[in-house]
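According to TrEMBL:
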type: TRANSMEM; residues: 12-33; note: transmembrane segment
type: TRANSMEM; residues: 70-86; note: transmembrane segment
type: DOMAIN; residues: 92-203; note: domain 'Phosphatidic acid phosphatase type 2/haloperoxidase'
type: TRANSMEM; residues: 93-114; note: transmembrane segment
type: TRANSMEM; residues: 134-153; note: transmembrane segment
type: TRANSMEM; residues: 160-180; note: transmembrane segment
Amino acid sequence: MGLLEASSSSKWRWWTSISLLVIFVALAVSVKLQSGFVTCIDKGLAAMFVGWQTSSKTALFVVISKFGSPVVATIAALALILWLWWQRERIAAGISFLIYFGGNAIALLVKYMVGRVRPTHELVADSGFSFPSGHMFSSTLLILLLLLVLSHYLKFKPQLFATIIAVIWLVILMIARVYLRNHFATDVVGSVLLAGGWLLLSQQLITEVIKRIPSLQQS
C-alpha cells in the first residue's frame, strides 16, 4: 500500500467524506440564502470577539494569519511534493499534487458560486469573497496531507503529538481569521469540512483507480 493510498477495508472513509461534504453543501446553501440561523451564529461570535480586541492580540493574530496564508501553505505543499518525489514516492507525490491543487481549485470555485461578501470593518484588509476561507482550506488540507505522510514514518505517540499540535494550530488560525474580521465563523468551519471531505474522498477515489492499473501498483 502506497503512502497516500487508502486501505481497501476502510469503508468509513466513504461515509465520513460523504457526511462532511453533505454538511458542507448544506452550510454553503444556507450561507448563499443568508439563513437566519447562520447569520445568528456569525453575528453572535463576531460580537464576542469585538469585546476581546487589544492591539497586542491584533498584532499576534496578524502574524499567525500570515503564516497560515494560502501562499505559505502552497509553498509548503510544493516542498512536500518535491520531497516525496526525491524519496522516489512518485505516486504519493502525484496524489498530493492532485489533492492539494485540485482541492484549492474547488474551494475557489465555491467562493465565486456562493459570492459571500467579507465582514465589514476588517482589522486587516483582505480581498475576494469570504466563503469558504482560503487560509483555512489551504492550511487544513496541507496539514492533513502532512499527517498522512508522517503516519508512515512515526510511531503512535509521535503521531498523536503531531496531530494535537496540528489541531491546536488550526483552531488558533480559525480564531485569528474571525478575530481580524476577515471571515465569519461559518467561513472557517466550512473550510475545514470541505478540506476533510475532499481529502478523504479523493484519497479513496485515487486508490480505487490505482487498484485497477497494475503498472501503478508496481511503481
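Backbone N, Cα and C atoms are what each Cβ position is placed from, and that goes for glycine too.
Note that this is a predicted model, so its numbers are computed, not measured.
Against the transmembrane segment (12-33), stretch 93-114 shows more Cβ pairs under 8 Å than any other of 70-86, 93-114, 160-180. Cβ atoms under 8 Å from those of the transmembrane segment (160-180) belong to residues 45-46, 49, 52-53, 57-58, 61-62, 64-65, 68, 122-124, 133, 135-136, 139-140, 143, 146-147, 150, 154, 187-189, 192 of the same chain, restricted to positions at least 6 beyond its ends.
For the domain 'Phosphatidic acid phosphatase type 2/haloperoxidase' (92-203), the number of residues in each DSSP class (helix H, G, I; strand E, B; coil) is 83 helix, 0 strand, 29 coil. In this model, the domain 'Phosphatidic acid phosphatase type 2/haloperoxidase' (92-203) carries an average pLDDT of 92.
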